[in-house]
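Visitor: Right, I'll just put the structure down here and ask away after.
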Amino acid sequence: VEQGCDASVLLDDDDASNFTGEKSAAPNANSLRGFEVIDSIKSKLEAACPGVVSCADTLAVAARDSVATLGGPTWTVELGRRDSTTASFSNANTDLASPLMNLDELISVFSKKGFTEKEMVALSGSHTTGKARCLLFRNRIYNETNIDSEFAKSIQSNCPSSGGGDNLSPLDDGSPVIFDNSYFKNLVNNKGLLHSDQALFNGGSMDSQVATYSENPITFYVDFANAMVKMGNLSVLTGTDGEIRTNCRKVN
């Protein structure tokens, strides 16, 4: 969530009021999904206790429960966030990590939000589930050399050298719907799907951290959970700041 844990990312564009949200920003367009799941949860919450649970808290709890349901760790979600009444298309474009980034760029982007290099690697482990668009890894699977050739070939079948930009491939080819440490095992074997994934294990300063997580899933789980709590505390709105949206897609 771009400006902090404030549900700004859930706001829809609104032509009538000339409002452009974050959903259509380059890192999010055709990539962030599942908004209807949040809508469904929020409508049930509003029916049970109107105006009490924010969209930001709903997102934070949904993130935790999704990870736990897929076999990953759990953590205590601090509650009491309020929702932003604004969003920033430009910040979403500049502040989110790009799949084309090298290690030093990734470290810089996460550092700006107060995360250590170790926390950056742990949070990258969320790529043990989810999918990416062909457009974002085409150059890697056809032109980069630090990639397992058989792996590259298998991905090419669903991502041609031209066209099919929105075709999806799992970020973790090993166990795509299980939250485990398979992502890090992939990196050690040069099977990172995105350039930014493999950048974490490419002869640089984070190689040993990736190797640790690839061998010790519990260590990864503990570090990931702690980093998620920290992320959930980023620039939160509390007290009288912001609002509790009735509909997560628009301000009250």
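Just so you know, glycine gets a Cβ as well, placed from its N, Cα and C.
Bear in mind that TrEMBL entries carry predicted annotations, made automatically and left uncurated.
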Visitor: In TrEMBL's disulfide listing, CYS55 is paired with one of CYS159, CYS248. Which one?
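Guide: It is CYS248, per the disulfide annotation in TrEMBL.
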Visitor: Go through ASP6, ASP180, the listed binding-site residues, and name the one with the sparsest Cβ surroundings, counting other Cβ atoms within 10 Å.
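Guide: Candidates: the binding-site residues ASP6, ASP180. Fewest Cβ atoms within 10 Å: ASP180.
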Visitor: Could you give the Cα-Cα distance between CYS248 (disulfide bond) and HIS127 (heme b binding site), in whole Å?
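Guide: The Cα atom of CYS248 (disulfide bond) is 25 Å away from the Cα atom of HIS127 (heme b binding site).
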Visitor: Listed recorded positions are GLY4, ASP6, CYS55, ASP172; which of them have CA atoms within 10 A of the CA of HIS127 (heme b binding site)?
Guide: ASP172
Visitor: Of the binding-site residues GLY4, ASP6, ASP172, which one sits closest to CYS55 (disulfide bond) when you measure Cα to Cα?
Guide: ASP6
